[in-house]
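Structure first, then comments.
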Amino acid sequence: MKIWITIMATIASVVSPMTAHIYFPALDALAEELNVSISLINLTLTSYMIFQGISPTIFGDFGDMAGRRPAFIVAFVIYICANIGLALQRNYAALLVLRCLQSAGSSGTLALSYAVVADITPTAKRGKYMGFVSVGINLGPTIGPVIGGLLTQYLDWPSIFWFCVIFVAVWLVPWIIAVPEMCRNVVGNGSIPPQSWNITVIEFLKRRKRGEKPEPGPKRKLRFPNPLGTLVITFDKQMSQILLIAAIIYCNFILVAATLSPLFTEIYHYNELEVGLCFLPYGLGCCLTVVLQGYVVDWNYRRIAKKLGIDPSHGRRNEIGDFPIESARIQPIYPSLLAGAAAVIGYGWALQAETSVAVPLVLVFAIGMLVPSTFSILNTLIVDLYPGSPATAAAANNLVRCLFGAAATAVVDYMIDAMGRGWCFTFLALLMVACLPWLRFIERRGPRWRAEKLKRANSTDSEHTEPGTTETE
């Protein structure tokens with residue numbers, strides 16, 4: 001069941017990045033169809049990225065409160081309705097509004113996918129499973145332009161949105177029918193029954209066949225999702241630094257992808273389909289590395305645990321205590337980050353020199369192998385630090401990452417014009433290199449910060465407990 005749920009979470013994580021990139025080949029066709037400028041069409045990209053950052057703050061809290069099943073169902077129902085509207089609309093205002101709704105539905109599932117893996121895996125083995133979810137996130141930008149180019153060229157732009165409807169509907173059916181609730185806030189370790197409306201169709205039919213009445217779970221008071229929880233995590237002393245580093249590394253990843261299409265078109269005179277195929281080495285590198293990196297991270301966890309005389313299986317309780325989780329997660333980042341920065345620099349100067357297309361394609365593969373693995377590991381660390389609210393923690397990561405990504409994509413063309421291709425990517429790579437000592441600082445100070453935070457939390461709890469009484473849950 002664990003593998004099945006991980007596969008479902010991985011497929012779900014494809015949706016948001018794929019939806020963002022599948023749209024690119026249709027921009028000119030939409031501008032012509034709606035009789036508006038490309039600048040106005042580009043506003044739909046900006047609005048998508050804004051909601052891509054905001055939506056997880058709502059769905060993350062909702063998923064931690066009500067459960068993963070209802071959160072995924074609500075998000076994807078919104079997404080399906082938005083795509084049907086987008087396929088049928090022929091008006092710019094409708095396009096702009098529905099793109100926001102489309103992003104709201106799809107983007108919330110990123111945080112939920114990470115939370116699902118955190119729910120079902122122990123800390124000691126989490127790196128491997130987080131790697132599989134990262135495959136989906138990194139695969140989306142790769143296959144999106146290829147699928148979008150094929151559909152736009154042969155079936156016209158509305159087929160893009162119908163494809164999105166079918167893709168998610170096919171995923172949603174087995175999710176509703178067979179995947180049980182796994183949120184620890186709702187079902188604990190599986191011993192607490194969920195609410196009757198939150199059971200699978202298969203379980204409902206089994207109970208009905210046996211003539212059993214639904215076992216009442218504990219009453220849970222649902223409230224409107226509160227995005228402030230995400231902001232609290234975002235401004236935490238340790239977390240804010242990790243989020244900034246992850247955002248800087250992510251900007252390198254997203255800017256290589258965002259500039260590949262216009263730069264390859266300008267230099268090599270490729271059409272939309274040919275440019276889309278150039279994303280394949282990028283995606284192949286991404287898929288290979290995040291899976292392999294997961295095994296490396298888990299190996300490093302076991303190595304440190306053995307060195308400290310700790311049984312690695314203690315992570316099954318999802319409690320890190322005084323274990324140096326920062327070292328376990330951050331140490332494998334150093335070589336990948338340094339080599340990835342070198343690949344980004346080489347990529348920029350290969351485009352500056354307008355070499356044979358084979359050179360930048362090899363470097364694109366190398367970037368895909370090296371850069372995504374670093375922020376994928378940081379994603380795992382972020383979830384490790386907040387085991388009680390992994391979806392909210394992942395939402396904080398997504399918020400900062402998307403805001404930085406939106407700002408970076410808005411200025412990268414101006415940077416290339418002002419600095420040239422080579423120096424632009426050199427500057428971006430040096431920002432990654434500057435993160436190395438920062439990561440070392442977090443690795444050394446992180447355990448102390450966590451201890452201080454736990455001490456403050458315990459002090460606050462004791463102040464709220466009357467003398468002679470004990471708190472019960």
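Backbone N, Cα and C atoms are what each Cβ position is placed from, and that goes for glycine too.
Sequence annotations record features per position, and here TrEMBL assigns signal peptide to 1-20.
What TrEMBL records for 5-447 is domain 'Major facilitator superfamily (MFS) profile'.
For 36-59 (among others), the entry in TrEMBL reads transmembrane segment. Away from its own ends, the transmembrane segment (36-59) comes close to residues 16, 20, 23, 27-28, 30, 71, 74-75, 92, 95-96, 99-100, 102-105, 107-112, 225, 227, 230-231, 391-392, 394-396, 398-403, 405-406, 409-410 of its chain (Cβ-Cβ under 8 Å, at least six residues beyond either end).
As annotated by TrEMBL, transmembrane segment applies to 71-88 (among others).
TrEMBL lists 129-154 (among others) with the feature transmembrane segment. Beyond its flanks by at least six residues, the transmembrane segment (129-154) meets 6-7, 9-26, 29, 110, 113-114, 117, 120-121, 160, 163, 254, 257, 261, 272-273, 275-277, 279-280, 282-284, 286-287, 290-295, 297, 368, 372, 376, 379-380, 383 of its own chain at Cβ-Cβ distances under 8 Å.
Per TrEMBL, the feature transmembrane segment maps to 160-179 (among others). Only residues 6 or more beyond the boundaries of the transmembrane segment (160-179), in the same chain, are considered here, and those with a CB under 8 A from a CB of the stretch are 4-5, 8, 11-12, 15, 19, 22-23, 26, 69, 72-73, 76-77, 79-80, 83-84, 86-87, 102, 147-148, 151-152, 200-202.
If you look up TrEMBL, you'll see 242-264 (among others) marked as transmembrane segment.
Taken from TrEMBL, the feature transmembrane segment covers 279-297 (among others).
Sequence annotations record features per position, and here TrEMBL assigns transmembrane segment to 357-386 (among others).
Same-chain neighbours of the transmembrane segment (422-442): 238, 241-242, 245, 248-249, 251-252, 255-256, 326, 330, 333-334, 337-338, 340-342, 344-345, 347-349, 351-353, 371, 412, 415-416, counting only residues six or more beyond its ends whose CB sits under 8 Å from a CB of the stretch. The annotation transmembrane segment is assigned in TrEMBL to 422-442 (among others).
Taken from TrEMBL, the feature region 'Disordered' applies to 453-473.
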Residue numbers, six or more beyond the limits of the transmembrane segment (357-386), whose CB comes under 8 Å of its CB atoms: 114-115, 117-118, 123, 126-127, 130-131, 134, 138, 233, 238-239, 242-243, 245-246, 249-250, 252-253, 256, 260, 264, 268, 278, 281-286, 288-290, 292-294, 297, 320, 325-326, 329-330, 332-333, 336-337, 339-340, 343-344, 346-347, 350-351, 392-394, 396-397, 401, 432, 450
Per-region confidence, the domain 'Major facilitator superfamily (MFS) profile' (5-447) (mean pLDDT, whole number): 85
